[in-house]
Every structure is written in C-alpha cells, then in structure tokens.
Protein chains: 2
Amino acid sequence: MDDLKLGIMGSGQLGWMMIQEGRKLPVKFGVMDSGEKGSAAAICDFYMGPNDYRKFVDECDFVTYEFENVRKDGLEYADEQDKLRPGLLPVNLKKDRSLEKNYFVSGGFPTAPFTVAETTSEARRSCRDFGKSVIKYTSGGYDGKGQIYVRNEDDIEKVEIHGKCIVEELIDFDCEISVIGSRDSSGKIVMHTPSFNYNQSGILAYNYAPFPNRKAMEITSRLLSRLEYVGVIGVEFFLKGDHVMINEFAPRVHNTGHHTLSGSSISQFEQHVRTVLDLPVPDANLIRPSGIVNIIGRGLDSDLLNRLLSNSGTRVYWYGKNDARRKRKMGHVNLLAETVDELREKISSTMELVYPDGLENYL
Amino acid sequence: MDDLKLGIMGSGQLGWMMIQEGRKLPVKFGVMDSGEKGSAAAICDFYMGPNDYRKFVDECDFVTYEFENVRKDGLEYADEQDKLRPGLLPVNLKKDRSLEKNYFVSGGFPTAPFTVAETTSEARRSCRDFGKSVIKYTSGGYDGKGQIYVRNEDDIEKVEIHGKCIVEELIDFDCEISVIGSRDSSGKIVMHTPSFNYNQSGILAYNYAPFPNRKAMEITSRLLSRLEYVGVIGVEFFLKGDHVMINEFAPRVHNTGHHTLSGSSISQFEQHVRTVLDLPVPDANLIRPSGIVNIIGRGLDSDLLNRLLSNSGTRVYWYGKNDARRKRKMGHVNLLAETVDELREKISSTMELVYPDGLENYL
C-alpha cells in the first residue's frame, strides 16, 4: 500500500506529538500554518503556507486541525472535499462560546447555569442574579485568558464588557475532570479512563488518571455521537457531589490527555491519527496510573532535566519553543507509578522541582 | 539550555527509532550515511554524506552508530575527538568474529567450543572433531547470511571455504535468549529483563519478555564493564539446561530489544540516546509482558494493517522501505498482554496473519 497522507492545520506541540506518535505507521504528515512555524513544522514530511490550502488539501487523504483558530478558507475547502475530520461543526461551535453552550443546552447536557450578555448592564444584572459568577468573552481566550471573576458587589460595579459575553454561575465545584475519547467514521466510540485535572489561573498545572466517573463518560459518548464526530475529543467537566456538569470540549487532542503517552495501551495522538485515517482503534486501556506535570513559563536547564529524568518511568517532552514567556506551555513531564497515591507523591515532588518559587510566579 | 546534538552513523530503522524515541527530549539528531539514504535520513534534523565526517563530528556533542559497517575514518575521527559512544573497541571486535570470540575466551565468558580455520582442510578437520558444526566467515554476514551448517560426513566433504572462518560446535541448544542493557560513563549499568527469541534461518521472527535468566544478566553486566562500554548493547545467549553460552553481541540497539517500545518503563532507543548523552536512566522495568513479530520479506496491504491494528495494545512500526525482498526486515509489530501465555497466543495468531503461506516463503 502507498503511505497514507494526513494534513495537520496548525503547527504547535499537539501536531508535533501527533507526528511523533503516528510516524511508526505508514503515514506521511503534512503541516499547514498561517503564522510563525511551530514545533510540528520542523518534523513534518511536507509543509505549506496558508495560501496553498487547496494544494495542501488535495495532497492529503484527510485533514485535521490541532488548533481551533486556523484559517476558515482551508477548513471549508477541506470540508467540501470530504476530507476534514473531526469536521466543521465542532470547530465552528468553538468560535463562539454561546454557540457551544447553547449546543449543550439543546442536547440536554448538564452545564453550569449561564446567560449571554451583550452590554455591561446585562452582564451586571446576571452577576447579581447568580451571586458569584465568571464572565467569559464568547470568542478568543484560552488557558484562562480573558476571564473575569465576580464574587461580590464591588466586583460587580467594576464589570465593564466590550462585546458579547457568557456570564456563568461560579460553581464552587469539588474538582475538574476530563475525558479523552474518540469516535470513528462507523460510529464506534473508544474512551480513556477520566483524569483528575488541577488548574491554576485557568491553566492546567498537572493531571492524572485513573479518576473514574461513569456519568462523564456517558456524556462524552453522547456528545461524540451527536456531533457525528470523527477523531479524538477532550471534554472537561466540573464535579460537585454527584453532580457532573460539562464545562467545555476541545475538538482535538487535549493537554489533559498527554498522560496517555505513557501508561496507556494507546496514546491520544496515535488514537487520533488512526481514527481520522479510518484505521482501527480496538480500545484504550490504562495499564498503570499515569500523570503529567506541565512545564509552564520557564526554560529547561541541564540540572532540572537531570533531576526529572532520574525519576523511574519519567519521560520529558520538550516542545522546542524559544521564548519562555509566563503562562506559556514549554513542555511536560510524564509520570508513572504503581498506585495513585505513589503517583500523587511523584506529581508533588515534580511540581517542586519545576516550580521552586511556586507555580504562581510562572503564570 | 541549548539542544544537545547527537550524530548517528548509519540511517536504517534502528536510527529511525532512535530519533522517534529521542525526539521528545531537547535533542537534535544528525544522520551520516555512506550509501543509500535509509529511514532515519528522512526524519533527522540534519544529514551529511560520508565525506563530511569531520564537519559532522564537529557539529555533534556525541556520535553513535546504528550499524557496524560504517566508514572507519568517521568512527576514528569521532573517537579522536572523544565523542564516539560506545567507542571503537566494540565495533572493531565486530569486524572479525575471531576477535569477538577470542575476546569472550580471554575474559572467561562461556561460549560454544570453536576453532579458527583459514583453509578448507583445517575447516573440515574441525568439523570432524566437533561432529556437528556451523561455519561462519569471520567478517561480513548478518541475519544468518553466509553460515554453513555441517551435520554429517557428506556435509563435511562439501565444505569449501574462501577466507578465514570460525568453525563452531553446533550446540543442540534449548533456546536463544538475549539481554538488552546499558552502561553509562560513570559505570552504572541498567538492564532489561531477558527475552526469548525465535529465529528461523538465522533471522529473528519473534521474541518476547519476560524470560528471566540471572546468569545471562551477570554476563552482560560483566561484558559491559570489561568493554568500558557507554550506550545500549544487545547480547545473545544459547541456553542448554542450566548452561548459558554467549553467542554474540551487537554494539548498538538490537532487534531483540524492540519489545521495549511498549510494555517497558523506557525503550532501548531512549535508553541509548540518554546514556550516550550523559542523561540519567534510573532503571528499565517491564510493566507488562511484551513481544514483537518481525515483518520480513513482504509489503503491507491495508487488509493486513487493519487486522494487526485491531488487536488491543498492538503497535505497527513500518520502516518505510520500498523493496520487500526476501529476508529483508520491513517492519515489526509490538504486542502486549496481561500474561505470557496470552502473549504467546497473540504472537502465534500474528505470525499467521503476517505469514499466511508460512514464514519460510518469506526468507
């Protein structure tokens, strides 16, 4: 057989890991990017700029994206050619948080209560109704950027919005978890065990699996089917007692699924590559408790690298970015352990190694 | 820190997997080859031809080889610059089987009885002394190429040699096993659990771990120390009852260590990359019974690929070679199971899938 050709729109670390994990298969990888060339561009088999989107799509058997804000013309052309996976609907829902939220509501998926506000007075009124709330612009912003937390009357008086927003009741949730799952073109769904996620200032600091939750898996399965999705999805949930609320989904491989790079029978990256190319994914089993610590806003020195790699079963993924700005994800560390307790201890000591001055100084 | 730079001499599938497994680290990979560009050349960060060996070595922090028959001038220059790992001695011992055998004898390592023969009459005499024997030219030949089996007087009369040979007593051994281990520049040794290897016509068809054997591990450890080796070695042994005989070593990552790509806390490839770059390798643990089936002398069609990938925990490594000649290793399949018995069953059904007409028709 000839090699399959997969086109990836976007060239960041998610595409970089997709190529690394998919390269063992008879697949050639193309990358198309509209801005600065990222990590994936350096290791792909062919690269094209955004103006060549027709040529790029024509060259590939299937096209996927590793970033939601890729150029619309390329996505639409790939969709017209029946090559875009997971498709236009999931990425379009992510262009406007109110579309995503309303999609959840119309499908009967449990979410935190919210309203849509277009003016400051509408926003303030909703904040008063909810008591405590978080305001998010409907477009732009990820990793917690552009979110306003409103906890009291003083905060409400300071609220000023400049564009369409979601005002969401601020749930004092117990924790955040996520599910990484895939659906193939025949409708078969394969899910990893949920993970526990620890975020700070809206950015994932660490996570680990297993953290079983049947309701979250059922919701993910139903969402994949309703979207007629093909590929890997990441779905975030808030837990409050027995209550499971969907927070948002990412129409792609997801930072909370990096733990599948070790300890799982298949990584989310290979799972995505296989699924979008119509290759089988029989199942996704956790073999050993597995977690990650993100390396954010700092470089790597050889002392840190040596200390990290001295820990049994540890892998370091360094994305090769030059500029270690605050809040920027520079790499991550995969950790394995025999028990969840041992894994939590490893995560805690790794956090101390990576953030000797406290995580808040890197965000 | 700046990226480390590792130079690989040779560009076959072993280098290809070294790059795939090492790419997560802050390492750039160079490849130098003297002939046809192989799989590794297509995915490296920089490539040079053999005449540029000085530039290549100067560019790299360390240089290793993934193939014994690389050009001598490059190896020697890298060694002069104190950059060659695992060094000149191991590769020089592999240039002449009699040197390797005598090195084993002088170090007190148990081997099958052998003599060195330079003429046909010497060879025939040794064959008579041993009863059953195998004749191997001292240089050239791997994967069982160029070996003559001598089992009776008729065979002895047909023996004609054209150059220096080893005549070795043909041991009716119970099985072949191997050990993958590494030694770092401080002398620390890390070994994987031994594997059981099944060869046909001198080519590895499948293998699996665990197949524990303390003596083989002790011999490997002693050999690594005696060679003052830095990097990963593969050592093959014959077992006959309680008796453990060393057959040969490969001064590099080894086909019998591919099972470490899944099921182990670290793959032999990442272990080699880390070790030669002076990065830590704390240990090498088998997490789950793990094995491979080699894909030899045949192409891949989408039906076979689909069947292979439908098996839980399976990974397919396809080396991207064009010409599926008999005896040529084209790829391999990694298999995982919860028990060794289940693994053996998976190996057996995978052998049937890959070789529907029997393995002998592909060798």
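Counting begins at 1 with the first residue displayed.
Backbone N, Cα and C atoms are what each Cβ position is placed from, and that goes for glycine too.
Taken verbatim from TrEMBL:
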BINDING   A:R97, A:K136, A:141-147, A:168-171, A:E176, A:247-248  ATP binding site
DOMAIN    A:101-277  domain 'ATP-grasp'
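The Cβ of A:I171 (ATP binding site) lies under 8 Å from the Cβ of A:A112, A:F238, A:K240, A:M245, each of these being in the same chain and 6 or more residues away along the sequence.
Within its own chain, A:N247 (ATP binding site) has A:T111, A:A112, A:E176, A:E236, A:F237, A:F238 as residues 6 or more apart in sequence whose C-beta sits under 8 angstroms from its own.
Within its own chain, A:E169 (ATP binding site) has A:A112, A:P113, A:F114, A:F130, A:G131, A:K132, A:S133 as residues 6 or more apart in sequence whose C-beta sits under 8 angstroms from its own.
Mapped onto three states, the DSSP output places A:R97 (ATP binding site) in helix.
For the binding-site residues given as A:R97, A:Q147, the lowest number of other CB atoms within 10 Å of the residue's CB is seen at A:Q147.
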